[in-house]
Amino acid sequence: MFSEVKVLQIVLVQWLTLFSFTYNSHGTYILDGSAVFNENSYLVLTNTTKHSYGQAFDNTTFEMKDQSFSINFFFAIVPEHKQQGSHGMTFAFSPTRGLPGASSDQYLGLFNKTNNGKTSNHVIAIELDIHKDEEFEDIDDNHVGININGLRSVASASAGYYDDNDGSFKNLSLISGKLMRLSIVYSHPDTKLDVTLCPAEFLVPPRKPLLSLNRDLSQYVLKHMHIGFTASTGSIRALHYMVLVYTYPEAVYQPLEFGRVPTLPPYPKKPSDRLRTVLAVCLTLALFAVFLASGIGFVFYLRHKKVKEVLEEWEIQCGPHRFSYKELFNATKGFKEKQLLGKGGFGQVYKGTLPGSDAEIAVKRTSHDSRQGMSEFLAEISTIGRLRHPNLVRLLGYCKHKENLYLVYDFMPNGSLDKYLNRSNTNENQERLTWEQRFKIIKDVASALLHLHQEWVQVIIHRDIKPANVLIDHDMNARLGDFGLAKLYDQGFDPQTSRVAGTFGYIAPEFLRTGRAVRVKFF
């Protein structure tokens, strides 16, 4: 009935995509890459390693130039995990008995990065592609394509077929695990190539092909070509089954029928996998017992010691986000000493990383009953908590837990300005600021003050500007921070100062005389 019939079967090997088939003679095919014959006379195109490829090309030649032909083969892909395939395979016409230098993964064991797309390849392939590669402009991860000299298909369509009865399109999944038939028919007088996909139980493919290409293939091929298969694996595992049938060298749809469509075996498991499964079950039960005991213990713990985080009246009007104590505890690794950035009369500042992200933060912890602790805490939240400016340290949120108050800021990797200005003997390696950097820092602080005094809806008086409160970010931009002594006023309101606030240091002469500051200085 057929000029030549060759049955292809897969060797079931776990963890990898394998293409295997038996046929009349070992000498019929030339193997390359990972392709080998195993002890059962099966041809395995890929071995048990990831990112491998294999090739099997017929040693005899097939006359294609100015010729018609019809080729059919049956295949099935059984993935290890549902809805996840590998990269796919191709049926190819090649001028040589193999394709040297081919690569795995998206190159399907057919081409490589260098020769992909070159007209000198003289290769025509039908790809069964189950991985969408943007590099090759794939339409999806479940399609059939016609490729000429490269992996960017000249024609492609999602896997499926057109019903002969009503003409509707029926989708097929290439990784469904079901046996399918692919028919390739080329008519030389019409220079038309038709590719049709359908279920294996169809005696004859549907009349309307899935793909059609009106092109004279003689311009791309040599007179004599070799027929073969290529396949590649990536990091996703699956099993690929194929049954290949060569039909007459004519443009006909040859009836093909199985006595019974083969039932594909389930995905295989090695003996070691059974042991691994038993161990996994035992480990799961043990972990479940541990978690159950831990959960019961945690419930009893909560009954005796509850950490309540209830919003107080003053928090309702606050702008920034409230963090839970647990978030800050985990971020700072339990407020460990090695996370400490600095400390003083205000409390301690710790470095941390927010759980679930790479965002670095600085957490300032002060005591609720410390000197001006609560008032400074509220001042920070009510002022900088609602401000967003590139030269102001951003307050991300706050937390109140037991006797302690916490403020969360963006982390400034270069620390405060005073460490650059006051270089001690123990910090002689600290880099010096250039005059350009110093001038930029002055402008940054001025920009922050302009925003506070004139640009925002209210006037904010910082009242404690000093090098220790000017922080430097990773780009050496200055940011003004520590608004614990800040005061809010409405625009146009003239505040009456009753006492000096801030850190002792330089005090303007008018403060000593009147207790009030003026904008203009005379020296």
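Heads up, the Cβ atoms here are built off N, Cα and C, so glycines get one too.
Summarising the annotation, Swiss-Prot assigns signal peptide to 1-27 and lists sequence analysis as the type of evidence.
Here Swiss-Prot flags 28-279 as topological domain 'Extracellular'.
The region 'Legume-lectin like' feature in Swiss-Prot is assigned to 28-242.
In the three-state DSSP assignment, the secondary structure recorded for Asn47 (N-linked glycosylation site) is coil. If you look up Swiss-Prot, you'll see Asn47 (among others) marked as N-linked glycosylation site.
If you look up Swiss-Prot, you'll see Asn59 (among others) marked as N-linked glycosylation site, on the strength of sequence analysis. In this structure, Asn59 (N-linked glycosylation site) belongs to neither helix nor strand by DSSP; it is coil.
Marked as N-linked glycosylation site by Swiss-Prot: Asn112 (among others). Counting only residues at least six positions away in the same chain, the Cβ atoms of Gly101, Ala102, Ser103 sit under 8 Å from the Cβ of Asn112 (N-linked glycosylation site).
The local packing around Asn171 (N-linked glycosylation site), expressed as other Cβ atoms within 10 Å of its Cβ over all shown chains, amounts to 9. As annotated by Swiss-Prot, N-linked glycosylation site applies to Asn171 (among others), with the evidence given as sequence analysis.
According to Swiss-Prot, the topological domain 'Cytoplasmic' annotation covers 301-523, on the basis of sequence analysis.
Taken together, the residues of the domain 'Protein kinase' (335-523) have an average pLDDT of 77. Swiss-Prot lists 335-523 with the feature domain 'Protein kinase', giving sequence analysis as the kind of evidence.
Its Cβ placed at the centre, Leu341 (ATP binding site) has 16 other Cβ atoms within 10 Å. In the three-state DSSP scheme, Leu341 (ATP binding site) falls into the strand class. Summarising the annotation, Swiss-Prot assigns ATP binding site to Leu341, Gly342, Lys343, Gly344, Gly345, Phe346, Gly347, Gln348, Val349, Lys364 and lists sequence analysis as the type of evidence.
Residues annotated as active site, proton acceptor in Swiss-Prot: Asp464. Just so you know, the Cβ of Asp464 (active site, proton acceptor) picks up 16 other Cβ atoms within 10 Å once every protein chain is counted.
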Rounded Cα-Cα span from Asn171 (N-linked glycosylation site) to Lys343 (ATP binding site), Å:
67
When you put Gly347 (ATP binding site) at the centre and draw a 10 Å sphere around its Cα, which of the glycosylation sites Asn47, Asn59, Asn171 have their Cα inside it?
none
Provide the number of Cβ atoms within 10 Å of the Cβ of Lys343 (ATP binding site), excluding the reference atom itself.
12
Out of Asn47, Asn59, which of these glycosylation sites shows the lowest number of other CB atoms within 10 Å of its CB?
Asn59
Asn47 (N-linked glycosylation site) to Asp464 (active site, proton acceptor) - Cα separation in whole Å
71
Expressed in Å to no decimal places, the gap between the Cα atoms of Val349 (ATP binding site) and Asn171 (N-linked glycosylation site) is 61
Run through the Cβ atoms and count how many others sit within 10 Å of the one on Gly347 (ATP binding site).
20
